[in-house]
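Okay, so here's the structure we're looking at.
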Amino acid sequence: MDPSMDTWDLSSPLISLWINRFYIYLGFAVSISLWICVQIVIKTQGRNLQEKSVPKAAQDLMTNGYVSLQEKDVFVSGVKIFYGSQTGTAKGFATVLAEAVTSLDLPVAIINLKEYDPDDHLIEEVTSKNVCVFLVATYTDGLPTESAEWFCKWLEEAAIDFRFGKTYLKGMRYAVFGLGNSAYASHFNKVGKNVDKWLWMLGAHRVMSRGEGDCDVVKSKHGSIEADFRAWKTKFISQLQALQKGERKKSCGGHCKKGKCESHQRGSEEREEGSHEQDELHHRDTEEEEPFESSSEEEFGGKDHQSLNSIVDVEDLGKIMDHVKKEKREKEQREEKSGLFRNMGRNEDGEIRAMITPALREALTKQGYQLIGSHSGVKLCRWTKSMLRGRGGCYKHTFYGIESHRCMETTPSLACANKCVFCWRHHTNPVGTEWRWKMDQPEMILKEAIENHQNMIKQFKGVPGVKAERFEEGMTVKHCALSLVGEPIMYPEINRFLKLLHQCKISSFLVTNAQFPAEIRNLEPVTQLYVSVDASTKDSLKKIDRPLFKDFWRRFLDSLKALAVKQQRTVYRLTLVKAWNVDELQAYAQLVSLGNPDFIEVKGVTYCGESSASSLTMAHVPWHEEVVQFVCELVDLIPDYEIACEHEHSNCLLIAHKKFKIGGEWWTWIDYNRFQELIQEYEDSSGSKTFSAKDYMARTPHWALFGANERGFDPKDTRHQRKNKSKAISGC
């Protein structure tokens, strides 16, 4: 064999590999790439299987041996509830709302505006991610409550101060619920509206429209202020849940008319029911924000507001003013239609609403009232209890001879047209200027009033100190004091109620607050008719009585004039409040000449303890000597009158017309049997046989006269002095 041939045969494969080396390299590269891809796929699948097998809460990232938790977006960090309260209602609502917010696992803080400094802390809410809720009440004359006074003052000044600007609170989120009474129509929920407006002017974002609670059960959208708040609270919690999830949508561009647009028509079910249609207007904001419902203010509105903020040509001013007037007319028409509908005062079943709400029933029951039907009540006077024990009667016993243990204190109307600062009923009674509630029949009211009164008397059976004969007498009602609470003359069937009293041989003592002159003129004869004369000037009357009527002074004077034509016994009741109405002697004298009452009761105000609804303190209570001095000075100005009686225990004196002083003796007491005979003759003659106060007067005993050693205390009874004096909780 040829050696050269063998060499070629051995080198041929190597030469072939060399020649095809490119393809070999390519094959190796492809193989390695495939291997790498397979490894990546295997590892990825294994990781996915591992993640599925581990709970989601434990899927943390490991970095250099440390656990790094995934951060979650927080859209709402908490809720701050600010309240401004006078009687405690707003504070109670704040507590209820806080409980609802807590159920969402959100931190919540309740803050009294009296203890909050907006100058230092309000700006913090811009970046805090909190939702701020303001529960604010409207108090006298549309002003804020004492606790919210400084906050509102600061907020108003900041809203109009150019140094703060329109973006000062940009980023702050808020909601407002106002508490008010639509009976005060001119400033209903004014504070809530203002707080809402001022926050918006400073750039804060409203998360939902303003809620409005109404104490007037007739006009309240849901039947009571508590129900109004519950409805608003439900919507707020729903809105808060949406904010927690970070749900967002484009806000309205602000060009919609009357606050209506397609986006909000779809969500109309969520629109706040507590605000009026004329208060629904969307403010321009081009940013992407949380879902919200907006309400408008009368001062700002849509395109008009935008155009007024920019430069306006003089010739365009006329068009703008015409447009503003047109909007105002449309608003008034909507308010009128809304008012006509709301004045019907019907509940969901179409029935006329009752005056007594569940919350009012609870409050009055705690105060010892026995409620009757839907608008009446009866309560046992402390003087009734006193006379059952033989410890003396009230000043009516001293002045007019009533038997205090046989006197039933009641009212057919818990509602009143005033909010007197010295009212000892704790300002829980409803207010109104006319009857708009469901009405009970007088027969039922009288029947249940007597039954409830007798049941309260029965509780004293066997009580130590109670005299058996007086207990038996007390079971038969002989007198009715229509002075418990409210304005009894508002009750549409008051005349029928009085006739029923007289048919039962029960004398009638009716007290009115001098705001219903027509009703006084149309009133049937009563045993004794009182008019409360709490002040002698327009300003002081407004300050003390806080009346609902705008023309309260004219009504007051007309009521006194109506009293002058009454033939039966009439009385002015003056309540002296030191530093408020004790320096108006000449004005009081003029009022006396206007009504020519038979008697004038002058009584020092009774301090009934601290009340958030009144600024009255012990410093306003005059000493008995001061009351005596006032009466002496007043008598000097009214020559036809003299001081007749005194009841030192009640801090009260009686001024009587001289016609009741016969033969040097006073005849201020009442012959009750004679009155019943006269009223029966009056009824039998259909009112033609009239009678006067002198026809049923009786001689006043010596111990009741002014200057007597007894100082008005009946010597038949035993004077009792408590070891620990406590505040009076009720009285005539």
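Cβ coordinates are placed from backbone N, Cα and C, and glycine is handled just like the others.
Here is what Swiss-Prot records for this protein:
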BINDING   85-89, 176-208  FMN binding site
BINDING   Cys416, Cys420, Cys423  [4Fe-4S] cluster binding site
COMPBIAS  259-286  compositional bias 'Basic and acidic residues'
COMPBIAS  287-299  compositional bias 'Acidic residues'
DOMAIN    79-237  domain 'Flavodoxin-like'
DOMAIN    400-644  domain 'Radical SAM core'
REGION    248-312  region 'Disordered'
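Cβ neighbours within 10 Å of Cys420 ([4Fe-4S] cluster binding site), excluding its own Cβ and spanning all shown chains: 21. Within the set of binding-site residues (Ser85, Asn181, Ser186), the lowest number of other Cβ atoms found within 10 Å of a Cβ is recorded at Ser186. Of all Cβ atoms in the shown protein chains, 29 besides its own fall within 10 Å of the Cβ of Asp196 (FMN binding site). As a whole-number mean, the pLDDT of the domain 'Flavodoxin-like' (79-237) in this prediction is 92.
With respect to Cβ neighbours within 10 Å, the binding-site residues Val176, Met201, Cys416 differ, and Met201 shows the lowest count.
Distances between the Cα of Cys420 ([4Fe-4S] cluster binding site) and those of the binding-site residues Ser85, Val176, Val191, Arg206 are shortest for Ser85.
Between Val176 (FMN binding site) and Cys416 ([4Fe-4S] cluster binding site), the C-alpha separation comes to 29 Å.
Other C-beta atoms found within 10 angstroms of the C-beta of Val191 (FMN binding site) number 25, with every protein chain shown included. Here the Cα atom of Arg206 (FMN binding site) is found 37 Å from that of Cys416 ([4Fe-4S] cluster binding site).
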